[in-house]
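What TrEMBL lists as domain 'Cytochrome oxidase subunit I profile' is C:56-575. The annotation transmembrane segment is assigned in TrEMBL to C:32-54, C:75-95, C:115-142, C:154-178, C:205-231, C:291-314, C:358-377, C:398-419, C:439-456, C:468-490, C:510-534, C:613-643 (among others).
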Amino acid sequence: MKAIPWRRAIGCLAPVLLSGCDVLRLGVVGHAGPIAASQWHLYLIVGAVLVFVAGPVLLLTPIMAWHYRLSNKNSAFKPNWDFSWWIEALIWLPPVGIVIGLAIVLWTYTHTLDPYRAIPSAQPALEIQAVALDWKWLFIYPDARIATVNELNIPVGRPVHITLTSGTVMQSLMVPQLAGQIYAMAGMTTQLNFAASRPGIFRGENTQFNGAGFQNQKFAVVARPTADYRQWMDRVRANGQPLDAARYARLAKRSVIARPLFYASTPPDLFSHIVAQIPEKRR
Amino acid sequence: MSAGDMRHAGINLGTTDQETHDQAEPDIFGFWIFLMSDAVIFALLFAVYGTMLGATVGGPTAASAYKIGPTFAETVILLTSSFTFGLGSIAMKHGASNRVLLGWFAATLALGLAFLGLELHDFATMIGDGAVPTRSGFLSSFFALVPLHGVHVLAGCLWLIVMMVQVPIFGRDARVKINLLRLGLFWHFLDIVWIAIFSVVYLQGLIR
Amino acid sequence: MTDGIWPALLGRFTWNALAFVRAWQNPTVNEIIGAGAAMMVVLGAASVITLITVTGKWGYLWREWLTSLDHKKIGVMYVVLAFVMLARALAEAVLMRMQQAAAVNAPGFVEPDHFAQLFSTHGSIMIFFMAMPFLTGIINYVTPLQIGARDVAFPLLNSISLWLTGGAAGLMMVSLVIGRFSTGGWTGYPPYTELAFSPDVGPDYWISAVTLGSIASTLSGLNFAVTIYKLRCPGMTLMRMPLFCWTTLCTSILMIFAMPPLTVATALLALDRYLGFHFFTNDLGGNMMNYANLFWLFGHPEVYILILPAFGAYSEVVSTFSSKELYGYTSLVLATMAIAVLSFTVWVHHFFAMGQSANLNAVFGIATMTIGVPTGVKIYDWIWTMFRGEVRFTVPMLYSLAFMMTFVLGGFTGILLAFPPLDYLVHNTLFLVAHFHNMLIPGLLYGMLAATHYWFPKAFGFRLNEKWGRIAFGCWVFGFYLAFMPLYVLGAGGAARRSQAFFEPAFRPWLYVAGVGALILLAALTALFVQLWVSIRERDANRVFAGDPWDGRGLEWSTSAPPPEYNYAVIPVVDGRDPFYDGKRDGDGYAVPAGYEDIAVPRNSMVGPATGILGAGLAFGLVWYIWWLAVLCLAGIVATVIARSFIRDVERIVPAADVARIEDRWHHAIAAARPISRHHETTPANQGLAEVTA
């Protein structure tokens, strides 16, 4: 009688728990490129060090409190004892040492994982220009003169260099499985370097709240093998429509886009005009 | 001079009025803290002004918008008003007659109002020339920083008027004295801020 | 004609601005929730007013509380305000958790715009109108007592601070009924909050409320700093002050220097919105990065403004309930000061991802980690205080222990976030939300609750119910872990904060758990209210009039509970760090003075209430473009201040005979009381006279 509800409960919970663990695969744990892999590596290093920082407190607090409880007649009671140089040294010096050690790690990794730093590679980086709009992302491929909305296609193994700006309020672009985020601001540009090391579809998003459509502002990063990537590009060129001033003006209005859009051509200096806010001022 | 005679920066009443002096200690100290907090506001506006210097967006620049002549006159007037206020404070400390005291304060008030009049005239000229705060980030930061000092001077003038009413009514009781000490600090503080404005803001207009 | 008159009278107010009208016209679940909240505000206010009127308590309330300049009463009013606002903001949090749990690939029941108002009010209220009033209230009550003073340095200014805070909090409540609140979050980042993107009244409500609160906090900080520097009793050197006073001092210094950046940030945003300036706009040279710097130049020290008083409270609680001197007093003072100074050097870590150079990010990252050292030292100091002590697991002590073990986890994730490359991945996600709740719930809320339980008997003369206190404690701790640990996981999976809906089925189980946690937190608050109710009902059994229920150490325990309005009949003279504890051991803890003198206390003043109401009126006028109201209120404030400067009769004398009568009654009670041993301090046998043992 008693066992059945338990079993049923476990039966119900198991898929929940399993799907629960999937959540981590959506983030840096499921890294799919060198930058995210390196970041995950750093998580493990820092996390391991921090176990030794947090551990003693987590152990000592309950031990001290319980051992020196009022009802324990066997514990020492020295109400006027309030200082020891040994303990002072113990609580000041090791933390200082740990922080110095971590500072060296921090300095090194902050430089190697600087989002502005190009990824060393035999291939030249794929240049992408990303424009944050309400509530969608416009990706311009300046070399191929094509553009997409809410879907970023990249070749596997080749470094990607994104230059970002915003056509509206400040936003932040992140693809957790590939790299960390960087803000996009109107009138300014920021940069992000990353690469995908395996084919797949990775979720990208804006993480900076920007209005009623914020939660819908997700995009897919589709990493394709090089040949596949070329075919995709040809398809866009063949089937897409041109992104002209009128279409951009419509795109720049606040709206949620249900499906990704693909444009076969773009005006030559669209991105720099957006940065300089030329379309805005001419209106 | 023993430590007890001189407890806070500024004019101390120790040798002439020990009782008020003791009471003044926390009051004046508190007002110093207030001024330092206010100084943070000005410091931040100076910093914002510094970052906005280049944000002229094709509009008026420091060189084209500022007139050094009138601002120099304003500087002289405000510094003089600090001097007259200082003489008033000394008169208060040593028990001069109300007429002397009010005379110095009236002079200070007149100079303060003259400063405000000239400053308003400056702003009107700038606005007439198209240098309006809505034109650019640079002008926005100018019109946040400099008029805020003007508003402080206005508040100082209002305060001075209230004190000029209170001196005849209450004579020189402890609160009048302490408030005059505070007002003195405020007035001199505004001088210092103005010197910073004159050097950082207006003198830069001379750099072509 | 009407075109001309109504806008001039009512600004941009229209009937549609009323939540009830919106719900009537468009009765969706979303609008009905909004109208329901508005109804609760209106009914709540109406029932409080009715209750006071029916019981005829207006006169009492006005004389004894609202116009009072007594730091103890002002402190209590601050804490009451904090609890009211806590109730609202916690309810909003529960609503948000329910919405997110319901909205995985589904619309849920709260629309995006409404959801955005929820997280904006939740954050703004919790920081500015729950946390700040809470700690200001506790500081107000405790600090003057601890340093042997009769009041704060500027009692009237204290009342003005309270009322400005209250006015601003009232404005937050009004925004539920009339109009709408900002959707820009508690940080109000432009350009989203600029007129171009948020033309409604929401950001104006936010600007007004936060600016009023910010000014009030600056004035409070000034007041406490002067109190501590200038009003300490003879013998109370800085290094003899109780640690709570040290943290008060550091918090005050932070308030004095860190609130102005917030005032500047909101004022410049207001200039943009009202007068068309270009500080943070997208066009004509505006630069929102200036806002980010100004805001976080306030925002990071603010974290320590919030946390340091709790650290002070823990120091008092751990020492008292370990029956032992505080370990490493000097160390703790140095650590507190180090934290206060370092807190000004780390603000860039709030926007590592804004594209600064790696050098800059690394410097700020290292500075951030450095704060971990003094913070860690403090935690160890409390652990070593328990060492060789006799620990009593009272409610405040339980909060302290839960704090130490929970806070260290927040520190763990804080160091992770201090690494710029790691921050890039979890910034703006629920991981960050989990982190700062993990710091502020143990680091502020537990601390303030510990302080409330610890000093409540002092303030009201009876102990709080222990059983309900433990139930509430259990719910706060258990609920916290359930509500926020899942958010770490979700954030690591890339779940953006401030999302009204999610599209990953894998998020669902974690959101469910977090939702249950939020409900338990609501139960925790309910348990606190039940505890208060039960404690008041059985107050006669739990009186501790003699004033020292916990075998206390500092001066605040050497008066009756509640203390007389003048605090100390004779200003104490101290010669050590735990003056009352040592005094009790030396046999002169309750020495009867040879005679009493007249004592001057500040007279009540209506300047505080007037300033608060006029300040709120000014803000309301600005929000709705009702210019006549704004101008009138501003003129009213100036007139009030000037009028007050003409009033000379500001003190009331408590005659020596009255003092003698009050003090004699207390000394008789002490003589009649039975000393209580530590084993029985939580029983009704505790009359507030501690048994003196080793």
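Backbone N, Cα and C define each Cβ position, glycine as well.
Sequence-distant neighbours of the transmembrane segment (C:154-178) (same chain, 6+ residues past either end, Cβ-Cβ under 8 Å): 13, 17-19, 34, 37-38, 41-42, 45, 67-71, 74, 77-78, 81, 84-85, 88, 121, 124-125, 128-129, 132-133, 136, 140, 201-202, 205, 208-210, 212-213, 215-217, 219-220, 222-223, 226, 602, 605, 607-609, 611-613, 615-616, 619-620, 623, 644, 650. Confidence across the domain 'Cytochrome oxidase subunit I profile' (C:56-575), taken as the mean pLDDT and rounded to a whole number, stands at 96. Panel annotation: around the transmembrane segment (C:75-95), residues 33, 65, 110, 118-119, 121-122, 125-126, 129-131, 133-134, 136-142, 162, 165-166, 169, 172-173, 448, 452, 459, 518-519, 521-522, 525, 528 of the same chain, lying at least six beyond its termini, place a Cβ under 8 Å from a Cβ of the stretch.
Sequence-distant neighbours of the transmembrane segment (C:613-643) (same chain, 6+ residues past either end, Cβ-Cβ under 8 Å): 8-13, 163-164, 167-168, 170-171, 174, 179, 201, 204-205, 208-209, 211-212, 270, 274, 607. With respect to Cβ pairs under 8 Å, the transmembrane segment (C:291-314) is most closely packed against C:115-142, considering the stretches C:115-142, C:205-231, C:358-377, C:468-490, C:510-534.
Recorded stretches compared: C:358-377, C:439-456, C:468-490, C:510-534; the one with the most Cβ pairs under 8 Å to the transmembrane segment (C:115-142) is C:439-456.
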